[in-house]
């Protein structure tokens, strides 16, 4: 499986806060210079690179003299606004020493939830990569709200991997990879070298939360690998403290945990749907509709829906669940929640009579539906 790493043409590299800051005392410029040297070496070997960089909040905290991460959103956003300036300048100057150009891109979930903005972001990123520019991406913490935040840069990195159709996502962390148990408490814990991203056994060993400076624990990294797998990308979760880790991965060394995609590539629109994490409501299906979606790959018709939950507008994302509450699919609805309430359980040819008009015969078309 390691040939998937050595042969990967396009990498998304995510570096966490703990690897970019000096124990919370601001940005570690020396450490950043080491990362840049490794990435430049990869680029010289023909690898196309996109960097997802944490560290803005941590850098801002240092400049403000804060020793612990604040919980109030406005304080976090203030720290991010201050720290982002330092972060992007540090990356720019360090890459410039090697004659490499960088570009800053700040994203929110809204940017990727809207189809038009998603396509614009994808076009911009691909253009930058084509111009031999290294994009440096972070979440736009200054304007984001709880409702539209990615939650962590692991998730953001996975969505970026989808955007640019990366072959490999490398998540650099303060652990050497995923273990069979917590190595801090269990001396018998063993490193998991390779696994399928969708292996349910991984959930049991991925517990825990992020550190004081960051938001993402091992569970978020596992979720990120599964999201990246939707577009066919492999993911390596590996320790950033390992000397020359990127070069050694490129050389085929068996470092960290390599998680392989569980299925083939999704079509471009389905990739976007897979990364569309914000849902606005729920449709409860009957057994026949579950079969139609899961086995027959058909569209969801009103007749197969038993209940509508939540408030949503036409074109928004909803969750489709089985009678037992198990999530079956997600998709973009053709009718609002109020409209759906009036037509569920009814045949499609009754929609016009019930609403006075008919937009689509399906509640969710199969092209706008992804199984989970």
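Note: Cβ is positioned from N, Cα and C throughout, glycine not excepted.
Annotated ATP binding site per Swiss-Prot: 14, 173, 174, in sequence order, evidence recorded as sequence analysis. The substrate binding site annotation in Swiss-Prot covers 54, 141, 153. The domain 'PUA' annotation in Swiss-Prot covers 280-358.
Here the Cβ of residue 174 (ATP binding site) has 14 other Cβ atoms within 10 Å, regardless of which shown protein chain they belong to. All protein chains shown were included, and the count of other CB atoms within 10 Å of the CB of residue 141 (substrate binding site) stands at 22. Sorting each residue of the domain 'PUA' (280-358) by its DSSP state yields 26 helix, 23 strand, 30 coil.
Counted within 10 Å of its Cβ, the other Cβ atoms near residue 153 (substrate binding site) come to 27, all protein chains included. Residue 174 (ATP binding site) is 22 Å away from residue 141 (substrate binding site) when you measure Cα to Cα. DSSP assigns residue 173 (ATP binding site) to a strand.
Taking the domain 'PUA' (280-358) as a whole, pLDDT averages 94 in the prediction. DSSP gives residue 14 (ATP binding site) a strand state.
In the three-state DSSP scheme, residue 141 (substrate binding site) is classed as coil. Across 14, 173, 174, which the record gives as binding ATP, the greatest C-alpha separation is 12 Å. Between the farthest pair of Cα atoms in the substrate binding residues (54, 141, 153), the distance is 11 Å.
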